[in-house]
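Residues or ranges marked as domain 'NADP-dependent oxidoreductase' in TrEMBL: 19-290. What TrEMBL records for Tyr55 is active site, proton donor. TrEMBL lists Lys85 with the feature site 'Lowers pKa of active site Tyr'. Positions annotated as substrate binding site by TrEMBL: His118.
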Amino acid sequence: MTAAEVALRSGSARPMPAVGMGTASPTPVPQEDTKGAVLAAIEAGYRHLDTALMYGTERPLGEAVAEAARRGLVASREELFVTSKLWCTQCHPDLVLPALRQTLQNLQMEYVDLYLIHWPVCMKPGPITWPARREDAVPFDFEGVWRAMEECHRLGLARAIGVSNFTTKHLDRVLAAATIPPAVNQVELNPVWQQRTLREYCAERGIHVAAYSPLGGQDWSGSGEGNAVLESEVLAEIAKARGKTVAQVSLRWIHEQGVTWIVKSYNKERLKQNIDIFGWELTDEDRLKISQIPQKKCVTAAALFSPEGEFTSVDLSDMDIVEE
């Protein structure tokens, strides 16, 4: 099945499919597993595939796309919407274009449909380390980096450009410099972190919001805390009444907010379940109950950095991505 699509405000961009397959993982996954999962997703009907240099999944995702075209699962790469992201160590005006060229080489593609600045965080150039050292954080040149993103767009290497994990204050800084405004802001968003302020801000400015961690996300911090979405009693009660899974209720709620989403599952059955959110809807009562769920954010800028060391040239509050 093919899902609904959303038009992006960007000249040459194709519409973004409402549902997407993500490939981020807190622990390394064998490349063959990623390739197999992406192929399974394409087979199940997913047409938006999300990757990033940071995830180490660009290469297997590109191989899966090439194989899907060879096997006739899609007529060509053009049928798919592929997103990748610029990592913090590359958030320097002179490194943006080379970074995208490297991404395209990894993907074996001539363009990406969407290229995002991964975080409103800049680190000293160099190899990716996880977690990063606090002293490697440096001030972010929003204007210079965004101009370089616009150049990627003008060259046709990125059909649309945008950001990820940006709050309204970070977007203010990009919009002040932009001749091409960001088409998308991809952020953590689900019934437990609803991003009302940000969604309203983006709606007024024609920036489309895409959700990552739509099912509560993965435990990147190793805190061992439970998943507030999948363990939500409110969502469980609605799911039971509707004969759906908690995941389907969460994803349907996000879709009804006009937000597209990217969900990661390497399980074929769950991939099929997660896309089955069309042809039914939540009731007003369901929506009211969901609107009253206590809010809690999982991913923060501090999570990128080791707890040791000091921020010597930036303030963590400048990079903070928690916004009520």
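Quick reminder: no glycine exception, Cβ is built from N, Cα and C everywhere.
Worth saying up front: this structure is predicted, and the values here are computed from it rather than measured.
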Residue among recorded positions Lys85, His118 with least C-beta crowding, 10 angstrom cut-off
His118
Spacing of the two Cα atoms, Lys85 (site 'Lowers pKa of active site Tyr') and Tyr55 (active site, proton donor), in whole angstrom, works out to 10
Whole-number Å distance separating the Cα atoms of Tyr55 (active site, proton donor) and the residue listed as 'substrate binding site' is 11
Can you give me the average pLDDT across the domain 'NADP-dependent oxidoreductase' (19-290), rounded to a whole number?
96
For Tyr55 (active site, proton donor), the number of other Cβ atoms found within 10 Å of its own Cβ:
21
